[in-house]
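Participant: One structure, pasted below without further comment.
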Amino acid sequence: MAEFVRAQIFGTTFEITSRYTDLQPVGMGAFGLVCSARDQLTAQPVAVKKIMKPFSTPVLSKRTYRELKLLKHLRHENIISLSDIFISPLEDIYFVTELLGTDLHRLISSRPLEKQFIQYFLYQIMRGLKYVHSAGVVHRDLKPSNILINENCDLKICDFGLARIQDPQMTGYVSTRYYRAPEIMLTWQKYDAKVDVWSAACIFAEMLLGAPLFPGKDHVNQFSIITELLGTPPDDVIQTICSENTLRFVKSLPKREPQDLAKLPKFLALVHPDKKPEEDEDYKNTINLLKAMLVYNPKDRISAEAALAAPYLAPYHDETDEPVAEEKFDWSFNDADLPVDTWKIMMYSEILDFHNIDQGGDINPALVEGAGLNQQGFQ
């Protein structure tokens, strides 16, 4: 049995194994608190995420199980990787991952980003999305604060708690407003991996401009701001709207023509000072990729894989080093409506599997407390 120690962080009890020391809070979300820590086994800094009350409701249990399964399955240089997981005696779940120094939101807020950094960051985002989408997974909540970066400019996408299967009937009200694709706002159904490409486009523009491209105050204002830039949605998009209220709202908006992004003052500021916009190939490549990502109809929106081959990302593009998933993620559990105790047993099973512990018969929850800490040289 592993030895557990307790610490109070922001009024929350962190109950972790003695393997991890020097806890410092780094962030808090709706579903968990994240601390940095030192891994005594590897002498490396790590991030320890406490999942708040994972077994309080079936919905939270399922969400935690989904995130655990995804973190186990997704193995890619641009996706955060799981190094340890355990359940404390208080039945809180802790995910341990690599620690990166900052996130893209903090970086954008602190200083203007130079062109080569924007290119490299976008390349890594799209490289990660190509892999995620090839696994049959849609992130659904891509935003600057979910994109982690270290001192070497290595980038990793994190927080897969809202991720879902690629399904033409996918539904739900997801994604932080500024980065939300129009098909989510308009239909609440029939969307796919292209919602992540839209979010990536909004992040791309934010890196270029230093401020959100579509800073809507609410759901209605958000869509109105999008139409100011991209014009009224075309008929083929409007025809997909299923909600009568949404359809009435869209038809009530004034008819707007799309603006030419390349001629907008906020983008013209990106043109090389010694060149005209039409002479600046880098500028044209920048705007062309952004336009291809900001298309109303997801069928016509560029994919993550195709974006990697765009001229803007040519300095980094290498098709032989942009892997896809070896197999699709198994979503068979996703439609299950199960009680908490069943999700708990399934969670225990996944944790034991992560630590390569033979489950042999009934699962004993006590085995999972600090699971794996006596395996493979662990403390």
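The backbone N, Cα and C atoms fix where each Cβ goes, and this holds for glycine too.
Pulled these from Swiss-Prot:
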type	residues	note
DOMAIN	20-313	domain 'Protein kinase'
BINDING	VAL26, GLY27, MET28, GLY29, ALA30, PHE31, GLY32, LEU33, VAL34, LYS49	ATP binding site
ACT_SITE	ASP141	active site, proton acceptor
MOD_RES	THR171	phosphothreonine
MOD_RES	TYR173	phosphotyrosine
Participant: Neighbour count first, Cβ atoms within 10 Å, every protein chain included; then name which of VAL26, MET28, VAL34 tops the list of binding-site residues.
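Facilitator: Answer by Cβ density within 10 Å: VAL34.
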Participant: Mind looking up the mean pLDDT for the domain 'Protein kinase' (20-313) in the predicted model?
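Facilitator: PLDDT averaged over the stretch: 89.
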Participant: I need the CA-to-CA distance for ASP141 (active site, proton acceptor) versus GLY32 (ATP binding site), whole Å please.
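Facilitator: Spelling it out, the Cα of ASP141 (active site, proton acceptor) and the Cα of GLY32 (ATP binding site) are 16 Å apart.
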Participant: Including all protein chains shown, what's the count of other C-beta atoms within 10 A of the C-beta of GLY32 (ATP binding site)?
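Facilitator: Cβ-Cβ neighbours of GLY32 (ATP binding site) within 10 Å number 23.
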Participant: For the residue listed as 'active site, proton acceptor', just count the other CB atoms lying within 10 A of its CB, please.
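Facilitator: Excluding its own Cβ, the number within 10 Å is 20.
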Participant: DSSP on MET28 (ATP binding site), three-state: which is it?
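Facilitator: Once the DSSP labels are grouped into three classes, MET28 (ATP binding site) ends up as strand.
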